[in-house]
Amino acid sequence: MKPVIVVHGGAGRIFKEREEGCRAGVVRAALRGYALLKQGGSAVDAVEEAVRSMEDDPHFNAGCGSVLNEKGEVEMDAIIMDGKNLDSGAVSAVKCIANPIKLARLVMEKTKHMLLTDHGAHLFAQAMGIPEIPGEKLITERSRERWKKNLEPDSNPEEFQKDLGTVGAVAIDSEGNVACATSTGGLSNKMIGRVGDTACIGSGGYADNHSGATSTTGHGESIMKVVLARLILYHMEQGMSPEVAADTALDYMKTRVGGLGGVIVVNKAGEWAARFSTKQMSWATVKDDNLHYGIYAGEKHIKSVDEALASERKGF
């Protein structure tokens with residue numbers, strides 16, 4: 001099986017001054033994940049590595065760069081899933097760690113549970129030796145400014161929700177195993193303790209070797225209502241291609257509950273799709289040593305991996 005990785009940096013509205021940073025961020029993540037796959041690494045390794053790369057990139061609403069809740073704090077959610085045996089691990093409302101996706105994988109591999117939240121997740125992180133970092137280190141100037149704006153009496157937090165930035169990755173490895181990973185800081189000025197779709201299996205992501213893997217982004221409550229990730233795999237099980245399955249599920253979410261979002265998909269044959277109903281979604285994929293990436297509907301740049309790595313070394 002030829003390995004494939006697809007990543008997204010969030011569906012929504014990406015402001016002009018942030019476009020290049022978002023493009024570079026998803027390309028870097030895809031190249032890092034693909035490098036592991038080329039060395040014989042597992043799909044789970046690849047999606048974790050890609051998502052960690054984006055959690056460390058302040059352009060995205062995950063890890064460093066996460067939006068703030070109503071109290072001005074970062075609370076993050078993440079999920080990872082192995083399509084080989086349907087094992088999954090997730091964390092929600094976690095604070096003061098750099099890479100929630102790493103903690104989600106430890107939940108999957110080191111506990112009998114699938115989802116740990118808030119204080120329990122914090123205790124587990126300590127037990128696993130994950131370093132705690134000051135919450136301030138995860139807060140960017142941009143997140144703080146947005147939080148303050150949303151506190152103003154005439155503000156419209158809904159308007160700012162359009163500029164979301166959940167990150168995610170899906171992959172198939174040389175053994176034919178699929179995996180997904182998704183991570184987010186959630187919604188700006190959300191209620192303390194709010195958990196969206198990301199940490200919920202079947203909503204924020206799903207992976208099954210029998211059909212494929214998907215990671216979602218967009219309005220979390222809408223995604224949860226239609227269980228978007230699992231819905232896409234259901235459509236693929238009925239014979240739809242990844243692209244048609246993604247479009248069908250996104251159309252359903254829009255007409256049924258008025259929700260917008262985006263998805264990345266890979267099926268068990270290694271066919272992939274990156275689709276969205278929002279204005280933009282940063283995405284990148286690597287297949288057959290070729291990198292594809294874009295932000296706008298219909299935009300697709302293609303480079304060889306060697307060319308992309310050379311650009312990466314020069315600073316994209």
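The backbone N, Cα and C atoms fix where each Cβ goes, and this holds for glycine too.
What you are looking at is a predicted structure, and each value in this text was computed from that prediction instead of being measured.
Cβ neighbour count for THR166 (active site, nucleophile) (all protein chains, 10 Å cutoff from its Cβ): 33. Under the heading active site, nucleophile, TrEMBL lists THR166.
The annotation substrate binding site is assigned in TrEMBL to ARG194, VAL195, GLY196, ASP197, THR217, GLY218, HIS219, GLY220.
Note on the binding-site residues ARG194, HIS219: the fewest other CB atoms within 10 A surround the CB of ARG194. Proximity of GLY220 (substrate binding site) to non-local residues of its own chain (separation of 6 or more, Cβ distance below 8 Å) is seen for THR184, GLY186, LEU187, GLY196, ASP197, THR198, SER203, GLY204, given in sequence order. Set side by side, the binding-site residues GLY196, GLY218 differ in how many other CB atoms lie within 10 angstroms of their CB, and the most is found at GLY218.
Neighbour counts of Cβ atoms within 10 Å were compared across the binding-site residues VAL195, ASP197, THR217; the minimum falls on VAL195.
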